[in-house]
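Annotated features in Swiss-Prot:
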type	residues	note
BINDING	G67, P68, E69, S70, S71, G72, K73, T74	ATP binding site
REGION	331-355	region 'Disordered'
Amino acid sequence: MAIDDNKQKALAAALGQIEKQFGKGSIMRLGEDRTMDVETISTGSLSLDIALGAGGLPMGRIVEIYGPESSGKTTLTLQVIAAAQRKGKTCAFIDAEHALDPVYAKKLGVDIDNLLCSQPDTGEQALEICDALARSGAVDVIIVDSVAALTPKAEIEGEIGDSHMGLAARMMSQAMRKLAGNLKNSGTLLIFINQIRMKIGVMFGNPETTTGGNALKFYASVRLDIRRIGAIKEGDEVVGSETRVKVVKNKVAAPFKQAEFQIMYGEGINIFGELVDLGVKHKLIEKAGAWYSYNGDKIGQGKANAGNFLKENSAIANEIDAKLREMLLGNQDDKPDFTPAAHEVDEGSEAKENF
């Protein structure tokens, strides 16, 4: 609808005044020629990238990953760090639980020599560090592990048994208001790992809730619910777990999609097994009986052998991944590189059961 000349002049003057006072880009028309596509970072799982719709986790946003104990929350975030570092991005890990294992992180492909790490004393200190890193504009991905471990200063200085109603929720609410704008301006991805608690006296509906109040639920652009749904065995030995992730909230694509993948102890997400499954599903890989073939050449008998073939032939793995992303996401901007990096540990490293 056309605006009359007087209103147009008044609007132009107001916009000019706002840009003069607050800087260029502080206000604009939504349809202006400015990219609305959100840059993303791969989660390390192709099926989860597809479930997210945008091809990964969105930069400049807040993401919450929650689930029961030993469900793979920290493993998933370490895979995000590894994927970001392969793209030359700077990452930071705020270890509020004081439980980060650098040996395990290295096994997942994290360049620990270039990973910033902080073990804050209080929740306020952890969130101030996040804010300072975001405002610097030099850090691309920040992980906070976990919201439940962000203990308010008043609680630490008090005695065990003292009542501190709503302190953590108030601290998180204040931090979210401050962080959201700074993250958007700097394009920094902030991932909060969270734990599950049970609501007392819930007779109907889901009794589960997450810690830290409701502010994080509102400010998060993406919320992921991660669950361990089964064990992977070699003989009688458990070597990994079947994992399901549900996209509970998604502001950049359609929500409520699910992804299932394997997490192998000491190795992380079984990306090559995912490539085999998705390749067969979308007819890039042929399956005849137990044999798998790609472009007419047999690549292995059984899923495990086919996955090992792709692991040893990174060029073919990259090619299949690129085709799947083009087919299912319509882009290849954030495709990972499966060529082993120099900082990754040797194949013979002892596997470690660490979630």
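Quick reminder: no glycine exception, Cβ is built from N, Cα and C everywhere.
Of all Cβ atoms in the protein chains displayed, 25 besides its own lie within 10 Å of the Cβ of T74 (ATP binding site). For the binding-site residues listed here (G67, P68, G72), the lowest count of other CB atoms within 10 A around the CB belongs to P68. Each of the binding-site residues S70, S71 was scored by the number of other CB atoms within 10 A of its CB, and the lowest score belongs to S70. If you draw a 10 Å sphere around the CB of K73 (ATP binding site), it holds 22 other CB atoms from the protein chains shown. Every protein chain considered, the tally of other Cβ atoms within 10 Å of the Cβ of E69 (ATP binding site) stands at 9.
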